[in-house]
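Pulled from Swiss-Prot:
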type: ACT_SITE; residues: LYS33; note: active site, proton acceptor
type: MOD_RES; residues: LYS33; note: N6-(pyridoxal phosphate)lysine
type: BINDING; residues: ARG118, MET292; note: substrate binding site
type: ACT_SITE; residues: TYR246; note: active site, proton acceptor
Amino acid sequence: MSEIHLNKAAYIHNLTKICDKAGGKENVIVVLKDNAYGHGARLIASEAKKFGIKNCAVKSECEANEIADIFENILILSHVPTGDESAKFTYAINDIDALLKIKENTKINLAIDTGMHRNGLDISELDYAFEILARRNLELLGAYTHFRASDELNADYFVQRENFSAAKAKILALCDEFGIKKPIFHSHNSAALERASEIKDEMVRVGIAQYGYAQFNGSLNLKPVLSLWAKRVSRRVLKSGQSVGYGAKFIAKDDINVATYDLGYGDGLLRYNGLGELRLANGELILGKISMDSFSCKDSGEWVCVFEDANVWAEFFGTINYDILVKLSPNITRKFI
């Protein structure tokens, strides 16, 4: 069966670089949503915990429950309130309605909309928000924002940073007014951490950077953690003039030794239609279309590395490395090496 190999040395290297930039392990929230960006949530969570990371963020209660025995401090970013929230977790508040619907006495983080206009409270809503959280005895542990373009060299990042500074000042004033303990602030995602000369928040939230992908090449000297491996199912001699795969997109000009390997778009690979040159990590071309459960190439032995840098496939398909990674099926065996 196909496998995902996780390079432990690379992961530790990346965490070390991130923590150095953030000012310490205690200042880092690792983002483990969507199966740790396809890497395997429990494996990554365990290694991060061993390294000394104490805080993480996930998408949902389901994801939080998966690693609840590993991390004590788990922030759920995309929760829709049910009124039955767990005391084990901290929940992001993404609009005023969430404050009204979430279970009383629940631990929360306020998401602040500083310009992305996806989730979060507007600064003008903070007075009302504090009235609600005080009345409902909600435990305010943190407040944060998300930068919409920290990976682009334009003014958006600086505008949002100033907006968040204003929101922080307002929140601190309201905490004094309502007798509420000062929350932890966090705003810097991976790209923002890379470009920041100074971090004025207590914590940073890093997702893609811990897995080895920088938005600004060389800024943190990160190393990709994941490599994808396929196992040979069969092999044969493809005669000159014969084709392999659906649609006969590849026709051999000479006799060649070909093999079929056990990965396809059913396992989360983007579907290659046989046009253009899509290469494996060893430089060999994928021959013909990728099938649901397999692909073919020149026989490369019992195992072949499909990719060890998601950017290669992202560039070919005109997408981003996140897209390549998060689609990888949870059914693929994952292990640290």
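Heads up, residue numbers simply count up from 1 along the chain you see.
Glycine too: its Cβ is placed from the backbone N, Cα and C atoms.
This view paints the features noted in Swiss-Prot onto the structure.
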{"residue": "LYS33", "record": "active site, proton acceptor", "Cβ neighbours (10 Å)": "19"}
{"residue": "ARG118", "record": "substrate binding site", "Cβ neighbours (10 Å)": "10"}
{"residue": "TYR246", "record": "active site, proton acceptor", "Cβ neighbours (10 Å)": "13"}
{"residue": "MET292", "record": "substrate binding site", "Cβ neighbours (10 Å)": "11"}
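The distance from the Cα of MET292 (substrate binding site) to the Cα of TYR246 (active site, proton acceptor) comes to 11 Å.
Across the structure, ARG118 (substrate binding site) and TYR246 (active site, proton acceptor) place their CA atoms 42 angstrom apart. For the recorded site, ARG118 (substrate binding site), the DSSP three-state label reads coil. Each residue contributes its Cα atom, and for TYR246 (active site, proton acceptor) and LYS33 (active site, proton acceptor) these two points are 35 Å apart.
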